[in-house]
Structures are given as structure tokens and as C-alpha cells.
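Annotated compositional bias 'Basic and acidic residues' per Swiss-Prot: 297-306, in sequence order. As annotated by Swiss-Prot, compositional bias 'Basic residues' applies to 307-330. What Swiss-Prot lists as compositional bias 'Acidic residues' is 334-344. The annotation phosphoserine is assigned in Swiss-Prot to S293, S343 on the grounds of a large-scale study or a structure entry. Residues annotated as phosphothreonine in Swiss-Prot: T341. Residues annotated as region 'Disordered' in Swiss-Prot: 282-344. Sequence annotations record features per position, and here Swiss-Prot assigns topological domain 'Extracellular' to 1-34, 84-119, 163-172, 224-238 based on sequence analysis. According to Swiss-Prot, the feature topological domain 'Cytoplasmic' maps to 56-62, 194-202, 260-344.
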Amino acid sequence: MSDYVELLKRGGNEAIKINPPTGADFHITSRGSDWLFTVFCVNLLFGVILVPLMFRKPVKDRFVYYTAIAPNLFMSIAYFTMASNLGWIPVRAKYNHVQTSTQKEHPGYRQIFYARYVGWFLAFPWPIIQMSLLGGTPLWQIAFNVGMTEIFTVCWLIAACVHSTYKWGYYTIGIGAAIVVCISLMTTTFNLVKARGKDVSNVFITFMSVIMFLWLIAYPTCFGITDGGNVLQPDSATIFYGIIDLLILSILPVLFMPLANYLGIERLGLIFDEEPAEHVGPVAEKKMPSPASFKSSDSDSSIKEKLKLKKKHKKDKKKAKKAKKAKKAKKAQEEEEDVATDSE
């Protein structure tokens, strides 16, 4: 019995023991690591389910699946890294709200997970791309939205790693970039969405309401009391961040798939035809083209034009011949009438 108990003890989460948080006064414990592993499992589960479902669809219908699989897999990697107590640096806190009895300096050093921000950099653009696709937003506008989203993640990464109050400058720039993306989606994209029907507009408004609440209210609040303001312990911070990340970067992208299918993939313009390759295998030896091949390379439209011109030319020729014959017959008739008149 004692051996069984020892085995169970050894089978627990030992990430903190194997990868100790050396140099950090405020860091996650085994409880925080357990929660991070839970979020990792949810993200990975969605990815594992969606990949086989994607392969059941034709290649041209898979783009919607890509937009849901990508953020889940990216965040699963980020959360596995954080749960393993890796991908972090100790940063001296600016504010002395959280304290421990073992810290040597005040404020102490807080554990900052840069792995989270790397995950955001890779995953955050996908919900924005999904919203852009609902309205058929032009490609360059989508690229602009994605670029501003990346500015948000980079600014917050720098803000989390900076000790001085200059961190709030990067924090503000990041929020500004997020606001610009939301304005772009609620103006340019929403005008395009309205043209596609009320049902598409309702889906867009619902999704954007959730995204804007989480992005412009929940995330700034969370950062302000965790990595920025050092108010919450890292364990509490992982729970706060984990819930928001699951909602915006995991659940929303997955929900987009059935809704897109309900609205109609073709209607949303999310079907991409791919022509099969003409040549497979070794490249054949090139030969000089013959004159006949140049003739056969004419486009269908030019051939049709030539045929039409030929037919028209033939018709005109026939009409001219008929007119000539009629003229000759008329002339002969007039001559006969003149001869008859002279004989009388």
C-alpha cells in the first residue's frame, strides 16, 4: 500500500521542482501550474478534434478550419511552456503591493511569462481575420488590422518587461492599436457585412461585442493588476489570463466554424478553388514549338471572333452575288422589252 501511495505522489505535477523559479520572489506554485496545464489541455483538445474534421472536407473548404486550429495550437504551446514553469524572466516590480517574507529587495522580483506574449503574437490575429472574412474585407485592410494587432502584443510584452513607469507608455500604445483595429472592423468591415444580410450582421455584432469587451476592458484590467501593477499573485494572474485567453483565442474561433457553415461558406466567399498541377513527375524535355502549335495556342475568344468574321464575309459575298444576278436579269428583261417595242 505504501508503494502505491509513493507512486501516486511521484505521478503528480513536478514542474516547479524540475524547473524551479530561481531569481523570482513572486512566482507560480504547483496550483498555478495545474491550472495552466488545464488550459493547455483544452486548447490541445480543440486542435486535436478539429484537425481530423478538417481532413474530411475538400481542400477548397478548409480555410475556416485553419482560422480555428491555428490559435488553439499556438496557445497550447504557450500554455504548456508556462505550465512547465518555462518561458519566463524575473523582472523587478515597480510597485510593492505583493510581498513575501523571503525577498531580499523591496519591491521584489516578479515572474513574467514572455511565452504568453509570444503565444498572443501568433494567435491573436486569427479572431481578427475571422471577423474580417465575414464581410469580405480587402486583403490590404486585413493586413493592416493584423499589423496593428501585432503592435498591441509587442507593446505589452515590452511593458511587462520594463521596471520603470515607462511601461505604461507601451501599455497605452498597445491599447491604442487595439482601438484602431476595433474601429477598422466596426466601420470598413461592418459596412461590407451589412450588404450580406441581417443574419450575417447579427453574428458579426455578437462576436465583435465579446471581442471588444475582452480586448478593451478585461485584458487592460488584468494587465494593470498583474504584470503591470503587481497587485495579484502570479497564481491568481494565471487564472485571470487563462479565462480570457480561453474565451477569445479558443472558444470564439471554434464557434466561428459552425456559424460560418450555417451562414454559407459560398455566400461568405470562403471557398478557394485550387487547380491541380498539370505536370507530375520528371520534367519532360523541351522541344521547339512548331508553327501549328502557335496556331493552336489562340484563345477561344479569338477563334470565335475569326469564325464570326468568316461567316459574315460569306453572307456578304452571297448577298453581293444575288444582287448581281438580279441586276443582270433586270437588264436582260429591259433589253427584251426594247426589242419588242422596236419590232412593233
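All residue numbers here begin at 1 and follow the chain in the order shown.
Glycine too: its Cβ is placed from the backbone N, Cα and C atoms.
Using DSSP to sort the residues of the compositional bias 'Basic residues' (307-330) gives these counts of helix, strand and coil: 24 helix, 0 strand, 0 coil. Long-range neighbours of the topological domain 'Cytoplasmic' (194-202) within the same chain, counting only residues 6 or more positions beyond its ends whose Cβ lies under 8 Å from a Cβ of the stretch, are 134-136, 263, 267-268.
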